[in-house]
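Asker: What TrEMBL records for this protein is below:
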- Asn161, Asp221: Mg(2+) binding site (BINDING)
- 6-27: transmembrane segment (TRANSMEM)
- 48-69: transmembrane segment (TRANSMEM)
- 75-92: transmembrane segment (TRANSMEM)
- 104-123: transmembrane segment (TRANSMEM)
- 143-162: transmembrane segment (TRANSMEM)
- 169-186: transmembrane segment (TRANSMEM)
- 192-210: transmembrane segment (TRANSMEM)
- 217-236: transmembrane segment (TRANSMEM)
- 248-267: transmembrane segment (TRANSMEM)
- 299-319: transmembrane segment (TRANSMEM)
Amino acid sequence: MFMSLALTFIIAFGVVYALIPFLRKVALKIGFVDMPNKRKIHQDPIPLIGGTAMVIGYYVTTCFMGDYSGDNRKYIGMVFGGLLMFIVGLIDDFAKTRGKDFPALPKLMAQFIAAGILVYSGIKINGITIPFGSHGYLVFHEWVKVLTTLIWVVAITNMFNFLDGIDGLAGGIAAISAMSLVFISILKGQPISAMFAMTLIGISIAFLRHNFHPARIFMGDSGSTFLGFTLAAIAVDGAFKSATLVSVLVPVLALGVPIFDTLYVIIKRFRERRPIYKADKSHTHHQLMRMGLTQVQTVSFLYLLGISFSLASIVVLLLNR
């Protein structure tokens, strides 16, 4: 398995690393760039097509490295759900390049449809093991399975989108979160989930080569929502499977930075009686930069926080095996 995972990383990294310079030139030529505004930190137009390279790298790698000889319905669900996220994100990115905003409601509806595809394909949170008393397995009613999975997937998808606010942050946190999911999948004997997560590491690190400050390309909504959706799906199929009440913490901690960043923003906006859904500069990374940290220092701090959450998720899993 370890040689296979190493090859997975090399292919994913290589495809994205090779594609980005070409796509960057194309984006500059056709004007597919993110323009600066008062809510954004960058001062110059930046190509907004990194997500396309990442998605191509992801599907090339998983098609080449995956063993889908058995029941592959779940993986087909991940493919079509992920493609829907990418296409809607790309439309949103195109609107941004023309100085427009893609309506939030159609985007949210598409996210629920993509999450619904996962549920229909069999990827869902089925229940939890009760760690006291009879130690039985509590199976959720079907509507609870569907509801909890939909909420989890849509929430994580949006959390990663919100996190993509400064150079190198979303890609780095995605790689760190995926590392913990690789380890969790290996411990649970789930090679396909491990391969998917390793692919995310490869495409994210290759993207970071061009996105770390000062960024030369952005992933856009097409990249951030795809990353969030795929990480959420891997967590449901891997870390949530047969989860105990304690080890439900595993996927939450593995994705700790985007989750706690979003909770912080929601609480802050609620206390200040501002709309929760309206974009602003109240995220953790904005607050850290207002305290005097540079972009690199802010991202480095949040990387360390992400690594701490990921290590904690692995410790929780090992203690509850």
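Note that Cβ sites are derived from N, Cα and C of the backbone, with glycine treated the same way.
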Asker: In the same chain, which residue numbers or ranges, 6 or more beyond the ends of the transmembrane segment (6-27), come under 8 angstroms Cβ to Cβ?
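Answerer: Answer is 33, 47-50, 52-54, 56-58, 60-61, 64-65, 195, 198-203, 205-207, 209-210, 216-217.
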Asker: Counting Cβ pairs closer than 8 Å, which of 104-123, 169-186, 192-210, 217-236 has the most of them with the transmembrane segment (248-267)?
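Answerer: Per the Cβ count, the answer is 169-186.
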Asker: Before we move on, state whether the transmembrane segment (217-236) and the transmembrane segment (299-319) share at least 3 Cβ pairs under 8 Å, counting only pairs 6 or more apart in sequence.
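Answerer: Output no: the transmembrane segment (217-236) is apart from the transmembrane segment (299-319).
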Asker: What same-chain residues lie close to the transmembrane segment (169-186): Cβ under 8 Å, and 6 or more beyond its ends?
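Answerer: For the transmembrane segment (169-186), the list is 1, 5, 160, 163, 193-194, 197-198, 200-201, 204-205, 207-208, 211-212, 219, 223-224, 227, 231, 234-235, 238-239, 250-251, 253-255, 257-258, 285, 298-299, 302-303, 306-307, 310-311, 313-314, 317.
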Asker: So which of 48-69, 104-123, 192-210, 299-319 is most in touch with the transmembrane segment (75-92), counting Cβ pairs under 8 Å?
Answerer: 104-123
Asker: Six or more residues out from either end of the transmembrane segment (143-162), which same-chain residues have a Cβ under 8 Å from its Cβ atoms?
Answerer: 85, 108, 111-112, 114-116, 118-119, 123-127, 170, 173-174, 221, 224-225, 227-229, 231-233, 235-236, 240, 255, 258-259, 261-262, 265, 283
Asker: What else in the chain is close to the transmembrane segment (192-210), if you only count residues 6 or more beyond its ends and a Cβ gap under 8 Å?
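Answerer: Here the qualifying positions are 1, 4-5, 8-17, 20-21, 24, 50, 53-54, 57-58, 61-62, 65-68, 75, 78, 168, 171-172, 174-175, 178-179, 181-182, 185-186, 216-217, 219, 223, 227, 230-231, 234, 237-238.
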